[in-house]
Amino acid sequence: MAGARSRDPWGASGICYLFGSLLVELLFSRAVAFNLDVMGALRKEGEPGSLFGFSVALHRQLQPRPQSWLLVGAPQALALPGQQANRTGGLFACPLSLEETDCYRVDIDQGADMQKESKENQWLGVSVRSQGPGGKIVTCAHRYEARQRVDQILETRDMIGRCFVLSQDLAIRDELDGGEWKFCEGRPQGHEQFGFCQQGTAAAFSPDSHYLLFGAPGTYNWKGTARVELCAQGSADLAHLDDGPYEAGGEKEQDPRLIPVPANSYFGLLFVTNIDSSDPDQLVYKTLDPADRLPGPAGDLALNSYLGFSIDSGKGLVRAEELSFVAGAPRANHKGAVVILRKDSASRLVPEVMLSGERLTSGFGYSLAVADLNSDGWPDLIVGAPYFFERQEELGGAVYVYLNQGGHWAGISPLRLCGSPDSMFGISLAVLGDLNQDGFPDIAVGAPFDGDGKVFIYHGSSLGVVAKPSQVLEGEAVGIKSFGYSLSGSLDMDGNQYPDLLVGSLADTAVLFRARPILHVSHEVSIAPRSIDLEQPNCAGGHSVCVDLRVCFSYIAVPSSYSPTVALDYVLDADTDRRLRGQVPRVTFLSRNLEEPKHQASGTVWLKHQHDRVCGDAMFQLQENVKDKLRAIVVTLSYSLQTPRLRRQAPGQGLPPVAPILNAHQPSTQRAEIHFLKQGCGEDKICQSNLQLVRARFCTRVSDTEFQPLPMDVDGTTALFALSGQPVIGLELMVTNLPSDPAQPQADGDDAHEAQLLVMLPDSLHYSGVRALDPAEKPLCLSNENASHVECELGNPMKRGAQVTFYLILSTSGISIETTELEVELLLATISEQELHPVSARARVFIELPLSIAGMAIPQQLFFSGVVRGERAMQSERDVGSKVKYEVTVSNQGQSLRTLGSAFLNIMWPHEIANGKWLLYPMQVELEGGQGPGQKGLCSPRPNILHLDVDSRDRRRRELEPPEQQEPGERQEPSMSWWPVSSAEKKKNITLDCARGTANCVVFSCPLYSFDRAAVLHVWGRLWNSTFLEEYSAVKSLEVIVRANITVKSSIKNLMLRDASTVIPVMVYLDPMAVVAEGVPWWVILLAVLAGLLVLALLVLLLWKMGFFKRAKHPEATVPQYHAVKIPREDRQQFKEEKTGTILRNNWGSPRREGPDAHPILAADGHPELGPDGHPGPGTA
């Protein structure tokens, strides 16, 4: 088959042009004036229930006398006498008049032969078409029955259908018109053949009026067919009687396999019946399961396609100047199809192109039309699919427009026009002809169930069809429901050379809409003077400036012979753009009506005929003290056609002519600009300013005229604003108007007229006022009601080289704890020539918690000495080492923390050195303050993990003493090392800090629920003496660092703490008394002892030589009595040490025993015995 279908013919149809009710309402006021006359519509009514309007056609009779007829089919009209039926249908002809009920029934189909036929419900008038002016008419009854063997057992009734062809005067002349046409009569009957032919469901004439086209969708089991027969117009056509007929299945072959339609919708159905009849209306349909289907070849897949449901023709569809026929099959392949056919032989129509539908059950091909929409010489194809729907986009009904590509149809992506849901958009189509006289045919689309029904008018163009409807006719406007079910156009019924439109309905009513002639108006606005010089008053009296305006009109129309007198009403509106901005106009019209506003003037001009030029004058005066001297004064001319009053026509009078209308595609307005003579704008008289916002930064207000810039973030572009109760904040702004290039100052930097700075504030800031360092530079700033939008006048004009600096005072009352950023949008504005862009001033808002932390250690110096003890040997805290106490104080100078979050005081306690040995042993942690009612200051984790005994009595006593008054016993006792380390071998100092990795810390965290003033954390600990003796005995000094900080847990992201940490150092030394013993090398001591012994020996020898040891003789005396006392072993050692002169102390942590057996030796007189040095001597054994 020629013209194969493309793989994706719907590739470009995704865009659906839907014009629903809302759009119709928006456009109706404009569309009603273009160009079908709704107000003067002619209404025709038929018998109730007759379906008068089911089909319609426009017809013009030329012989024997000119007459225009509205042909209306009424397929349910009552039967005529003699037809022996109740309802047979009929064709009605309505004259062009104002009467609504003056239609008469065309006299056809008289009588009935009940032995051969039945006319009951034959639906005469189901279709009606006219050849045009002076042409024939065809109307059909597709349910007409042919009968055989009436009242016999083998009686048959075949719904073959039939058509009537009438002459132009609505009479039947059998010798020329053929009278009754029944091509299915006499053919094989039954629904598989021609028993349900239903000829005349669609009928049409070829554009050359040579052929008559019939659609018979019921043939071949509703596969359908199309038939083309010669339609003789006169004796000249008698020579071509052998031309046809042509049929899709073959006139002679009558072969259903030749029917060119795709697969059908009902393959696989089983007929189940217990009635002895072949009438398919009495069959019950059942779908067979796959297992129940009989094996064998597949059945005919083209049944029930309804080929011939719509039919038309055109020349040039496939080949230039060659006539082709188009038939619709709306149920083919469940989607519908349209087939383009050509004559192949004396009896066959051969398919050339097949176009398939897009969606299932869309009814593609239900209606169709052929028209050259783009006037390229190749007719295009319009196809209706009224059952199309799109659920997501809420579309219902579609019309596809295929633009002929030089006879090639493969790969064409049609334009899809859509209607509203359930509207049946596309059930009827009509070619209107050139409705607007632009050289391109127009079409009409019916949507009878869109509200009360609508008809959409689409204009053709060089690109095809304009997707936006130019006019929408509504059934509601004429009081008809199901309006638009049938359409007919392309004929001029009233003689004004514009085609008209006849619309039918299912409400027994038809309406004719006549097209209005279109006027093309030319207009011109003249202005004097062209420029306004404010220094040259020219009004009467010489005090003001005036401007004269003149407007002139003329028109042309199609046809050139149409030349009525028309009246145009015009309005001149000054300062239109300024008023749209809400500003006061600068002019006043002097020649205006009193009821008109001062910025408007109106008038009327009468144009007697085409090309007649008529003018009107007006004058306006410029107001005094005009500020806007740069923007031009815009004068807008608008005009409209004065509509004549409708006069009531008396019965019997002819139709009044329709009033003309202005071309809707031609603008009916014109703008003219009147400029001011510009000063300070350079030689070109174009003010090219260079306004620049060189500074926009947030500041803290120190005084009324003193501001301090806020600190900037690390990016250098965002200020940091601390929310600490300050009521206002300043925004420093500096604006300049300097040339962008000093080397070319004439390029820009001209005066900036009406220079403004527009400030848009966030909800958290509100305008409060403006300040300037120089009062002369203070701009005028005005804000709106809620102080969120500020306009500052910078000058009118802001001169070349000017610079202004000022501060906006902004209230911070709207800033809350949720506010994280302040962004103020700034935009410079001027009516001078300059492209300006908005800029933003930003500040990051943070909430600074007024918490401070400080710490101290008591004492700040610790000493170590003694002996090394293991961890298991520790029983009490006194066994560990020197005690130390830390106090960390947190102060709150602001609001309660409860409103912001949860705060924690953390202390990093260095409990180990890097190798894991104890450093500072935590004994006790207590928090004083910082708690709410009923809350305890519990810190975690718990200290004293070795559970050493706490000497609470001794602790309380020592805490009350200042550090310098502590007992010597609290100092470290030197170790009993007799191998002291020299000072030269000692290192300088070591720092033990967790932050440096030289120590390991445990973090004690204490919650601060709520406090107003201060909270104090007390931490007691002990210096682990053994670690220092083992690791740092050769170190001169050690610095132990304890760190503390405050953390806050809060959902507020912009909290910030300053001074939220502290460092508490403690110096640790080897005990200074241990340094005396251990600071001298051993060999020095040995030499000193030997030297001392030598000196002693020499001294004794010298004294002996001198007789020092010889005593004088004394008289004998009574020798006193002594008591023997046992001296403890440890005291003996002390006595020995005192004799040698070496001073030693007890080991640290080993107190001196003072028992009852350690007492001095008493002499006989009860007093202590004195030693050689004059002091009491120790007891002796």
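Placed from the backbone N, Cα and C atoms, the Cβ positions cover glycine too.
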Disulfide-linked residue for C94, taking Swiss-Prot as the record, within C103, C140: C103
Which of C681, C699 is the other half of the disulfide bond that Swiss-Prot records for C687? C681
Of the ranges 237-256, 877-896, 1157-1176, the one Swiss-Prot annotates as region '3 X 4 AA repeats of D-X-H-P' is 1157-1176
DSSP assigns the residues of the repeat 'FG-GAP 5' (350-411) as 0 helix, 34 strand, 28 coil
